[in-house]
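Database features, via Swiss-Prot:
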type	residues	note
TOPO_DOM	1-111	topological domain 'Cytoplasmic'
DOMAIN	19-71	domain 'HTH cro/C1-type'
DNA_BIND	30-49	DNA-binding region
TRANSMEM	112-132	transmembrane segment
TOPO_DOM	133-337	topological domain 'Periplasmic'
REGION	155-220	region 'Disordered'
COMPBIAS	160-192	compositional bias 'Polar residues'
COMPBIAS	193-217	compositional bias 'Low complexity'
Amino acid sequence: MNTEATHDQNEAQSTGVRLRNAREQLGLSQQAVAERLCLKVSTVRDIEEDKAPADLASTFLRGYIRSYARLVHIPEEELLPGLEKQAPVRPSKVAPMQSFSLGKRRKKRDGWLMTFTWLVLFVVVGLTGAWWWQNHKAQQEELTTMVDQSSAELNAGGDSAQSVPLDTSEAASQDSTPAPTAPVDSTATNAVPQTPDASATTTAPAADAQQNAVVAPSQANVDTATTAPAATGDTASLPTDQAGVATSAVDQNALVMNFTADCWLEVTDATGKKLFSGMQRKDGNLNLTGQAPYKLKIGAPAAVQIQYQGKPVDLSRFIRTNQVARLTLNAEQSPAQ
């Protein structure tokens, strides 16, 4: 009778009450139970008060109750009916599996993005290459045009230059100049540099010398023939002095160029006269004189070294950009673009 009464009384008590009574009979506190079961004191208190924490899954709660029952020596079979009521098994909400189509769509989108990125890069590289090629082609065409123009001008200049020796030869055949005057002309001609202005400067004194040489014999008597060479010597010295003065004046604006490679060049002075236009070969030298300022067009700035008024001209900014150099050299040697 007592056993049945005890059994009925245990069934009437809830799971939490039975666990609390068993704990108190063993003289354990909630803190001690929590330490042995590695639980929080609040979790032990909720179990004894038959509370199911919302943040705790029913599976874990049933496991904690069974561990608590073994600790206080209560058979688990006696607690099963109460467990079904206190911690019923609740089906967990399983999120539906996402289909692989989402991953495929994302992968496809990434593929399109990469394709578009590569396409943009190819377009940028292509446009850059086309821009560079157009600039390079334009420079080559400009150089070709300059070379053609210089060749045509040189041919025209050659035709006009060939007519000069014919005129001088005819003049020499018509004039009866004495023999001593010929060395004076050749000496004056060799003393002056082969430049357009210098040649023009030297020709005028030479012509004066020829006129003086022609007049002197006509006015002199036969008895004074010995004085004619002295007069001729005086007249010959005059063009030499004039050539020296012209040379010193020209040297003030002298333009000296040394070439380390083949280079196209065009030089124009202040009057618009082209002092030179054409190709210069490697290891060539060019000395020009004219009226400053000079305007220069250089096809290959890296292939030429320029000295103006005895000072070097800086072409580094044209060499870095690898472009046709267009500059002006004024009297103060300040090259300008």
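Glycine is treated like the rest: Cβ placed from N, Cα and C.
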Overall pLDDT of the topological domain 'Periplasmic' (133-337), taken as the mean: 64
Number of helical, extended and coil residues in the DNA-binding region (30-49), per DSSP: 16 helix, 0 strand, 4 coil
